[in-house]
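Taking it in order: structure first as structure tokens, then the write-up.
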């Protein structure tokens, strides 16, 4: 079911070569949706919602009312609500540690240089929906935005066919401090938030979605900022002979239940463990739902890679640059410094990926598809902008003038040079 690959090899090289996220046909469809909404506004959003979600949305029910959110509280399990609040508090505490103050540094001659670090004014967050419930995605996007100080956080989530929003999604939104909630999903939601169709336009859009949402975010980038381009979920597990096969198998399956495009990778120097994990995967799938999805994802996208030693395992992990990286070895912290490319690293047998996905505090909006090489997890800085401050004194200006003139003339920008020259006292 799961391919077995020896590293290094051509098979390993081929497997570790990441696939592109782009889909030409979907890109064209998304572009049409964006252009239609840009030109026609919110009425086009309503039409697409009817076509794609089967829900009737209009001016009267587009924005979720406070009364509907109040009612949602009566529909949720009190134990789940308590767990959501504890998770929210963990997420808030973790992200508060990321806050940095603005700074301005005066110098002896009166010059001042600095940086203002301030929150964005208005952020839109996308939460997958319909009949499904993803309250954890609400918390992971909205709580850091509020920690950053964003005054207006807008949420878009697709309605069910009856127009309803899952009550857990609504409750999580209020608990996280979301200010406005709209019934819309897909590329049309991204377009509405970016172009201001039926609501005030946002400055940035965050949150996961399907390929239509992801490519819509890609196409509106520049009109608004985005967090990242998220692809299918993935996990890579580095394990040695001390790892319990049942743990590795369970963590594999926790990822591939997401989607037939999800991927799970085991990298191990132990062929005995590799065989044991294969057996455990089969055993655990017998009592889990979504078997067809898991089998397809394991067959199409997943692998067991056998390496010489743990140093080689780290090399493979860094090439793959996974969204989630688990280390189930005798000395997991010994590998931490060698693992340089990952969205999140989970160390030890009691740090399975769901601990981070739901509860511990670090963000679960993570780079996928190898983009952990240059993207970071969603964080407080995601919702901040930085402005440079320059206040030169007369003495510093006169001291630097000749250097600035030389550089401006070198680049052939005479008006730049003139802006300095007119200030030099003769």
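Just so you know, glycine gets a Cβ as well, placed from its N, Cα and C.
A sphere of 10 angstroms centred on the C-beta of residue 210 (NAD(+) binding site) encloses 17 other C-beta atoms. Feature annotation from Swiss-Prot assigns NAD(+) binding site to 126, 188, 210; the stated evidence is sequence analysis.
DSSP gives residue 357 (substrate binding site) a helix state. According to Swiss-Prot, the substrate binding site annotation covers 233, 255, 258, 324, 357, 411, 416, on the basis of sequence analysis.
Per Swiss-Prot, Zn(2+) binding site is recorded for 255, 258, 357, 416, and the stated evidence type is sequence analysis. Sequence-distant neighbours of residue 258 (substrate binding site) (same chain, 6+ residues apart, CB-CB distance under 8 A): 232, 233, 293, 297.
All protein chains shown were included, and the count of other CB atoms within 10 Å of the CB of residue 323 (active site, proton acceptor) stands at 29. As annotated by Swiss-Prot, active site, proton acceptor applies to 323 (among others).
Positions annotated as active site, proton acceptor by Swiss-Prot, on the basis of sequence analysis: 324 (among others). Sequence-distant neighbours of residue 324 (substrate binding site) (same chain, six or more apart, CB under 8 Å from its CB) are 233, 234, 235, 236, 255, 342, 343, 344, 346, 353, 356, 366, listed in sequence order.
Most buried of the binding-site residues 357, 411, judged by other Cβ atoms within 10 Å, is 357. Taking the Cβ of residue 416 (substrate binding site) as centre and 10 Å as the limit, one finds 15 other Cβ atoms among all the protein chains shown. For the recorded NAD(+) site, residues 126, 188, 210 set the reference point as the centre of their Cβ atoms, and the other residues of that chain within 8 Å of it by Cβ are 128, 156, 158, 185, 186, 187, 189, 190, 209, 212, 213, 216. A gap of 45 Å separates the Cα atoms of residue 188 (NAD(+) binding site) and residue 416 (substrate binding site).
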